[in-house]
Ligand code: AHG
Ligand code: MN
Ligand code: MN
């Protein structure tokens, strides 16, 4: 790890990759970096102060909102609003898109979509959680409030995307479409330092990540793939290994580094799966493709899906190319209506 290159310097350096870049995207990424540090500080205190547990309300997904979900949502929103580069935000924690009202924000070019705290059921038990974000250029005219159209762009229009994993160390990983880079937070100096330059996912891996508790409700193709992983012994005599944290960010991060595949398929009761297209699947799909892997809903490339709703869910299959090819062979062999 090089403490000699900070995230801030790296962002400015890479700004030159964008023709006519005026520093707005750099400033926007600086807001995300700042909010990540604040959220990291709070997460590290969980257990000491009264910030764990539920707020007592359900979010728009009908899921129990944790105090840190609400805290992270407020901090990211405030940091984004303060820097005038963003005209609106779509968040997992808010029913409708948030429109920033200041004139400077109305004149901004970008919208941000985010899952402020991913894996929040893990907060109370000291297991890794994350933040996921993605940035789009607005399609509505600058100077007017952002519209639904700005937020419902397909993933292939993302300008930048990334995540923060608050784990045994805290890391920020992002892409602007020129590869993926990772920065580890050094709390002693309060700085993210470049630690993982040009990250690529191995073409093959041994890890499959899926909530096997839902096994009986999975489509046949997924069941058969799981059985294949359990029964197939590769040449070096080591079987596949199952790893599932229950925080997409943490599961994704491990698989990115080690090689693997993450599956959140449809189930009989939830035909669209659980994960949200706009602020979970799209950013992760952009990152995995930039790292040399693949992401689909079982048939279609995630980045080519045309969103219709802010909180839309889709099945997600994401990871190492060779493993994804095998997953697809199973999904094609067994029709997905057959559970
Ligand atoms: P969130 O905490 O933002 O609602 O996301 C939780 C997601 C994701 O992080 C994780 O992979 C998945 O839910 C776990 O779901 P199951 O408990 O159904 O496996
Ligand atoms: Mn999430
Ligand atoms: Mn969340």
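Note: Cβ is positioned from N, Cα and C throughout, glycine not excepted.
TrEMBL does not curate its annotations; it predicts them automatically.
Bear in mind that the values here come from a model prediction, so they are computed numbers and not experimental data.
What TrEMBL records for 6-197 is domain 'Fructose-1-6-bisphosphatase class I N-terminal'.
If you look up TrEMBL, you'll see 92, 115, 117 marked as Mg(2+) 1 binding site. Neighbour list (residue 117 (Mg(2+) 1 binding site), Cβ cut-off 8 Å, at least 6 residues apart, same chain): 39, 66, 68, 69, 72, 73, 123, 129, 130, 131. In the three-state DSSP reading, residue 117 (Mg(2+) 1 binding site) counts as strand.
Close to residue 118 (Mg(2+) 2 binding site) in the fold, though at least 6 residues off in sequence, lie 129, 130, 131, 132, 163, 247, 248, 249, 280, each with a CB less than 8 Å from its CB. Marked as Mg(2+) 2 binding site by TrEMBL: 115, 118, 280.
The substrate binding site annotation in TrEMBL covers 118, 119, 120, 121, 211, 244, 262, 263, 264, 274. Around the Cβ of residue 264 (substrate binding site), the number of neighbouring Cβ atoms within 10 Å comes to 25.
Summarising the annotation, TrEMBL assigns domain 'Fructose-1-6-bisphosphatase class 1 C-terminal' to 201-331.
Looking at residue 115 (Mg(2+) 1 binding site) and residue 262 (substrate binding site), their Cα atoms lie 18 Å from each other.
Taking CA atoms as the reference points, residue 92 (Mg(2+) 1 binding site) and residue 211 (substrate binding site) are 21 Å apart. The binding-site residues near ligand 2, defined by a Cβ under 6 Å from one of its atoms, are 115, 118, 280, chosen from 115, 118, 120, 264, 280. Checking the binding-site residues 115, 262, 280 against ligand 1, the ones with a C-beta less than 6 Å from an atom of that molecule are 115. Ranking the binding-site residues 120, 211 by the number of CB atoms within 10 A of their own CB puts 120 at the top.
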